[in-house]
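A short write-up of the structure that comes next.
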Amino acid sequence: MSNRPWEQRDETARKRSARKMEVFAAMVENMDHNIGRVLDHLEATGQRENTIIFFLSDNGAEGTQLEAAPANRNVIPTMKKYFDNSLENLGMPNSYCCHPGSEYQGKNVQEMLGKSWNSYMMGESESIHDEDTITGWEFLGRQALRKGTWKIVRLPKPWGTGEWEMFNLAEDLAEDINLRDAYPERFVEMLGHWTEYAKKHGVVDIKTVETAYALQEEEWTESDLEDIY
């Protein structure tokens with residue numbers, strides 16, 4: 001779904017979008033101010049040099065399952081220079097606390113997802129995950145799973161076909177070439193991994209956008225979707 005140019009929007013849509021931009025700007029300003037307060041306190045108490053700071057930025061409202069970066073020759077070097085995307089937030093709890101395992105003081109404990117970053121941050125390993133690591137995720141009916149360079153994706157209409165597709169990111173980072181039929185055995189394997197992931201994490205199978213948004217009990221207009229996508 002393409003964004004409608006500003007000059008083609010009516011006055012109501014412009015006011016709605018302008019208000020959202022105002023709220024976003026205020027949020028960023030408030031966040032910047034309070035991060036400064038935290039850093040100033042650490043500096044004043046002599047703790048700043050002995051503190052690891054985790055800053056998290058939400059991916060926003062889009063919930064996309066496709067690779068989000070525009071992979072042209074100018075963007076990729078810039079991202080590698082200024083942003084380290086080699087870590088995932090699932091590994092954070094494992095990194096700053098020691099999990100007691102599946103049982104603690106006689107009680108069952110929910111298993112943590114993710115893998116500790118510590119060996120990577122200490123320079124003891126070059127990566128956190130190996131090529132056999134399986135990572136699945138889903139949001140409002142959008143589903144995806146990766147293993148190595150292979151990835152399966154299912155996006156409900158109008159953002160996708162509503163059917164599972166499979167891509168090899170080593171050769172097709174744009175996810176243009178669906179290899180589901182070309183590698184049927186690989187697809188069956190990947191789909192099996194997804195089935196295990198969905199069962200383990202209680203994924204609700206939502207196949208339409210309408211059903212997904214109905215579960216949120218919200219009314220979405222065409223203008224709302226344009227602002228998000």
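Including glycine, each Cβ sits where the backbone N, Cα and C put it.
Annotated in TrEMBL:
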DOMAIN    11-65  domain 'Sulfatase N-terminal'
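In the domain 'Sulfatase N-terminal' (11-65), helix, strand and coil residues by DSSP number 37 helix, 0 strand, 18 coil. Note on the domain 'Sulfatase N-terminal' (11-65): mean pLDDT across this stretch is 87.
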